[in-house]
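Below you'll find the structure, written out as structure tokens, and then a few comments.
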Ligand code: G4P
């Protein structure tokens, strides 16, 4: 199968905008699940299996991300395989989300029609922009009272500095809602029945009531026309209006992804870009997740395949390990169930069960001659000392911290002076996950204490200067999991001060392995 038939994408949104509902509807229409609600039901069943996921339940948020694959046949395009990567919605998990977005070729931005661009939408959008990930916008909940269409369009354009190209027009919202006009066909999708859902009724040559006709025309001519090139380079977003709950706009959205969203893109590996057409199987790990079963401490590493045709049993070399491993039980993430993969193509996501050999950022390849780049660790914004309640458990604690840092739950730093370990995270919630998992999975009871540091920087430079720097600053230095030198700063000012004092050293806020 040609790689052109893959569409690997994510949905970005502020919590409550309707991502879960839209995901369900997309899967439903893709024939992947048969009842709406199954996404949540599956989630609940999954959560019950693992203690630390109780946090998810208590807080009602999704901590982990998963992969959903579905297929659809189109008259003009043939079969298309969609890989939908779920991004954790909570702002605490920006690092995890960032990495997930490195594994997609495009994104859908869901906006609540009553709220417009919200903080988390904006943050996630910026991540997409960094990597020129093209965005299709879905303005959701038009079955409810929302803000005026022009106000919403202008807000997207102004706040995100992006051209907007409306593809549809909502004929009224809330109580006045009469359906959605699709500019491409000139037809209106109508609400039907007591629930006012879209059940398939489209008026082909509908005449709009006067109060809407003028605005519908203004919206069409007043904004740029859709331009594939501009969309794919991240300069323009086509805007769809709909209601995930009532099923409006979902078909049009799927068609837009199939038609416009880019097939697998080349991925950066240093100065090179690795094409999906390359024969060699290559990929990178963007996420590692502990198995849901606490009795088995194996994990699933999620690999975004970049090139080649993967076959079950194939040997690939992880860059972090240096020697090949045979991939006997790869997992593909079809929404009904997890299926054992026999083959996979560029753009697909493969789950690889392992016992900690695979780490986030690792490249996997047949020849072990390239390294994918752009999957950094971020300098933590919260640092805490870990205090053991039972001091005889030092060894278990170290093992646990090493494991959890490999998984990307936390970063761990071993200070040059003193015995206490320091953990660093980007968001507060990660700390709760840490304490909960230490206890549930490693039987280590620990508490966190304030550390006198505000942030950390990876220090690099000529060895002689590094040695000098080290001898002067031992009290503020630590080694990370890989043994790399880290400056623990008391304040951002502290970083600036050291940078000025040591112009030949670099103090980096991100690190690529
Ligand atoms: P999220 O994943 O982005 O956080 O949002 P989710 O889909 O869970 O939707 C948040 C709330 O908005 C839900 O209501 C959901 O039913 C509602 N919603 C989603 N899409 C639409 C839409 O198109 N129209 C309307 N009117 N509502 C929509 P809830 O009451 O918070 O949750 P629930 O108990 O009904 O699931």
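Every residue gets a Cβ built from N, Cα and C, even glycine.
Any TrEMBL annotation is an automated prediction that lacks curation.
It should be emphasised that the depicted structure is a prediction, and the values quoted were computed from it without experimental measurement.
As given in TrEMBL:
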DOMAIN    4-265  domain 'Tr-type G'
BINDING   13-20, 86-90, 140-143  GTP binding site
Which binding-site residues, if any, among 19, 87, 142 have a Cβ under 6 Å from ligand 1, given in order along the chain? 19
For the binding-site residues 19, 87, 142, the largest set of other C-beta atoms within 10 Å encircles the C-beta of 142
Mean pLDDT across the domain 'Tr-type G' (4-265) comes out at 84
Counting every protein chain present, what is the number of Cβ atoms, excluding its own, within 10 Å of the Cβ of residue 13 (GTP binding site)? 24
Determine the Cβ neighbour count for residue 16 (GTP binding site): the number of other Cβ atoms within 10 Å of its Cβ. 13
DSSP on residue 19 (GTP binding site), three-state: which is it? helix
